[in-house]
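> Here it is, the structure, as structure tokens.
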Amino acid sequence: GCKARGDTCQKDCDCCGCFYKCHCPLDWFGGKWHPLGCSCVYGDKYICEKKKKECPNV
């Protein structure tokens, strides 16, 4: 299943829905190391287009 808003995630595709993205407050190294962790947050119409291309479950 997918992760709801506020849940810990590793990538955008982990998050439920087209408009939710995986946000990392301190994403220093391009997504490889997350000192504070990442969580699903509400994005925008652009994340929806990106997820439609990249995620099999959208």
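Here the Cβ of each residue, glycine as well, is placed from N, Cα and C on the backbone.
The disulfide bond feature in Swiss-Prot is assigned to Cys2-Cys16, Cys9-Cys22, Cys13-Cys48, Cys15-Cys40, Cys18-Cys55, Cys24-Cys38; the stated evidence is a curator's inference.
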> At a 10 Å cut-off from the C-beta of Cys38 (disulfide bond), count the other C-beta atoms across all protein chains.
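Looking across every protein chain shown, the total is 22.
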> Quick one, of the disulfide-bonded residues Cys15, Cys22, Cys40, Cys48, which Cβ has the fewest other Cβ within 10 Å?
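Per-residue Cβ counts within 10 Å for the disulfide-bonded residues Cys15, Cys22, Cys40, Cys48 bottom out at Cys48.
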> If you measure C-alpha to C-alpha, which of Cys2, Cys13, Cys48, Cys55 (disulfide-bonded residues) come within 10 angstroms of Cys22 (disulfide bond)?
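Those close enough are Cys13.
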> May I ask which of the disulfide-bonded residues Cys2, Cys9, Cys16, Cys18, Cys40 is closest to Cys48 (disulfide bond) if we compare their C-alpha atoms?
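Comparing Cα positions, the candidate nearest Cys48 (disulfide bond) turns out to be Cys18.
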> Checking the contact step here: among the disulfide-bonded residues Cys2, Cys24, Cys38, Cys55, which have a Cα within 10 Å of the Cα of Cys13 (disulfide bond)?
Cys2, Cys55
> Say you check the Cα of Cys16 (disulfide bond) against those of the disulfide-bonded residues Cys24, Cys40, Cys55; which is nearest?
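Of all the candidates listed, Cys40 is nearest in space.
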> Please list, in sequence order, the residues in the chain of Cys2 (disulfide bond) that are at least six apart in sequence and whose C-beta is under 8 Å away from its C-beta.
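Residues satisfying the criterion: Asp14, Cys15, Cys16, Gly17, Asn57.
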> Given Cys24 (disulfide bond) and Cys18 (disulfide bond), what distance in Å do their CA atoms have, once rounded to a whole number?
18
> Using DSSP, would you call Cys48 (disulfide bond) helix, strand or coil?
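The residue in question, Cys48 (disulfide bond), is helix (DSSP, three-state).
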> Validating a neighbour-count step here. Other CB atoms within 10 A of the CB of Cys24 (disulfide bond): how many?
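Summing over all protein chains shown, Cys24 (disulfide bond) has 18 other Cβ atoms within 10 Å.
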> Cβ-Cβ under 8 Å from Cys18 (disulfide bond), same chain, 6 or more residues apart: which ones?
Ile47, Cys48, Lys51, Lys52, Val58
